[in-house]
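*Asks:* Have a look at this one before I ask anything.
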Amino acid sequence: MSREMPPAHPFDDDKLKEECGIFGVIGLTDAANFVALGLHALQHRGQEAGGIVSHDPELGFNSVRRFGYVRDNFTRQSLMETLPGPLAIGHVRYSTAGAKGAAIRDVQPFFGEFSMGGAAIAHNGNITNANALRRELIERGSIFQSGSDSECIIHLMARSLQRNIPERMEDALRRVEGAFSVVAMTRSELIGVRDPLGVRPLVLGQLGEGWVLSSETCALDIIGATFVREIEPGEMVVISARHGVESHFPFRRQQPRFCIFEHVYFSRPDSIIGGRSVYETRHQIGVELAREAPVEADLVCPVPDSGTPAAIGYSHESGIPYAMGIIRNQYMGRTFIEPTEQIRNMGVRLKLNVNRALIKGKRVILVDDSVVRGTTSRKIKEMILDAGAREVHFRIASPPTAWPCFYGVDTPQREKLLAATMSEDEMREHLAVDSLRFISLDGLYRAVGEAGGRNAKCPQYCDACFSGEYPVAPSDMIEKGFELKAAE
Ligand code: SF4
């Protein structure tokens, strides 16, 4: 069965969207309940659909995959009773590869039955050579069940000659290019893997006798698990009741290139990345931004919610008072109302409202995390001016987004990105604001903890959406005609 889904945010298509969150538990009674809670905490990473697979020693594997929010599906007792056992993994998705508004068959985790037993996998990221792999696998007899790039991993595992599932997974993942954090399970093992560059996050936690794998630490907190450590780039952990946590490094070691945008926007501010809270990093981005792009004004206001920590940082550093000049309606969800033409025209007003009493007659600095198409920025500026602001200055907590992401983030085509077609000055004119400044790439690196800024010869992070320097060549896209940035 398939059905069309409306976009996750019909009034907010002007943000990059993280595509997936993954979570797994071993060694806890009714593990699927913990997975449901973990996925709920990771819902910001994907709102289109979710799925859970569990394993019970007597009842075997069971799975449930549903469209919609975790809270609307996986809180129902009757449904959770169909997912028994001490081992479970889960996935929330938007959608990257696989069609948008996709069928239930594209919803993960995916399951495969092998001669040595079953295995389920949940993948966060994007396989950049998936088209080539899919062609090869189909020619050799594989029958695909979905349009998802992640299914390639199951078919590659089926073709491997290794003796056990973790070894088959290693084999499969050596063929895969791009970004992947994977949580997988066999009948008795929970497996976690990060790609050699560690583009997407994955952390290990512990709860009593049980072990937990999660995209972010905020999802450990919700179940009361302790954060143990990040899974290292290129590391595979195999966790079982018998052997505890075993660590392997099956890939050639490389300089890690974690996604710098996780710091800016994707991860929740209460998560910990690289030993520091994401909130603290975003605050520091605001501090750097204030140093790089000062301006005389009366108020610093965030574009809620994602601009808030950087706006507070900007205010602290500049000494200009912070104020909630824009209020977000927290209850503006997908299910609220059908986005008819008339409703669409109300646009951003359905979600954001200006605090007129604060704004009137003021010179306002608006801090946002990014500018993608620029459509929302323009509307927000109009709302602020309508409310009587004297000046509007945009300060952006990331460099201009001029290149699409091919590593598990939904980005418009390059020509739709404002920064791909306009200079900073042209963007200021286009948005018709008094000033517009983005944090520099070096400033962003300093804010995330690299005191010396970006190492141009060997960048410490993936920053391809800003720099156009892709750490893994997006071979499927190049085949379709995508042009890489010319060497300087
Ligand atoms: S291209 Fe941008 S969003 Fe994508 S992984 Fe790299 S830094 Fe993150």
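Keep in mind that glycine also has a Cβ here, set from the backbone N, Cα and C atoms.
Curation plays no part in TrEMBL annotations; they are all automatic predictions.
Note that the coordinates shown come from a computational prediction; the quantities given were computed from them, not determined experimentally.
When I checked TrEMBL for this same protein, it listed these features:
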- Cys20: active site, nucleophile (ACT_SITE)
- 20-242: domain 'Glutamine amidotransferase type-2' (DOMAIN)
- Cys259, Cys405, Cys462, Cys465: [4Fe-4S] cluster binding site (BINDING)
- Ser306, Asp368, Asp369: Mg(2+) binding site (BINDING)
*Asks:* Three states by DSSP: which one describes Asp368 (Mg(2+) binding site)?
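*Replies:* Reduced to three states, the DSSP call for Asp368 (Mg(2+) binding site) is strand.
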*Asks:* Using Cβ atoms only, which residues of the same chain lie under 8 Å from Cys259 ([4Fe-4S] cluster binding site) while being at least 6 residues apart in sequence?
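*Replies:* Long-range Cβ contacts: Ala179, Val199, Arg200, Pro201, Phe266, Tyr407, Val409, Tyr461, Cys462.
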*Asks:* Quick one: Cα separation, Ser306 (Mg(2+) binding site) versus Cys20 (active site, nucleophile), in Å?
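*Replies:* On Cα coordinates alone, these residues lie 18 Å apart.
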*Asks:* Compare the C-alpha of Cys465 ([4Fe-4S] cluster binding site) with the C-alpha of each of the recorded positions Cys20, Asp368, Asp369, and give the closest one.
*Replies:* Asp369
*Asks:* Return one of helix, strand or coil for Cys20 (active site, nucleophile), based on DSSP.
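*Replies:* SS state of Cys20 (active site, nucleophile) = strand.
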*Asks:* Ligand 1: which of the binding-site residues Cys259, Asp368, Asp369, Cys405, Cys462, Cys465 have a Cβ closer than 6 angstroms to it?
*Replies:* Cys259, Cys405, Cys462, Cys465
*Asks:* Binding-site residues Asp368, Asp369, Cys405: which have a Cα within 10 Å of Cys20 (active site, nucleophile)?
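*Replies:* So the list is empty; none.
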*Asks:* Give me the CA-CA distance between Asp369 (Mg(2+) binding site) and Cys405 ([4Fe-4S] cluster binding site), in Å, as a whole number.
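*Replies:* If we compare the Cα positions of Asp369 (Mg(2+) binding site) and Cys405 ([4Fe-4S] cluster binding site), the gap is 16 Å.
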*Asks:* What's the CA-CA gap between Asp368 (Mg(2+) binding site) and Cys405 ([4Fe-4S] cluster binding site) in angstrom, rounded?
*Replies:* 20
*Asks:* Just how many other Cβ atoms lie inside 10 Å of the Cβ on Cys405 ([4Fe-4S] cluster binding site)?
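*Replies:* Cys405 ([4Fe-4S] cluster binding site): 24 neighbouring Cβ atoms within 10 Å.
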*Asks:* Identify all same-chain residues not among Cys259, Cys405, Cys462, Cys465 whose C-beta atom falls within 8 angstroms of the centroid of the [4Fe-4S] cluster site's C-beta atoms; report them in sequence order.
*Replies:* Val199, Ile260, Phe261, Tyr407, Val409, Asp463, Ala464
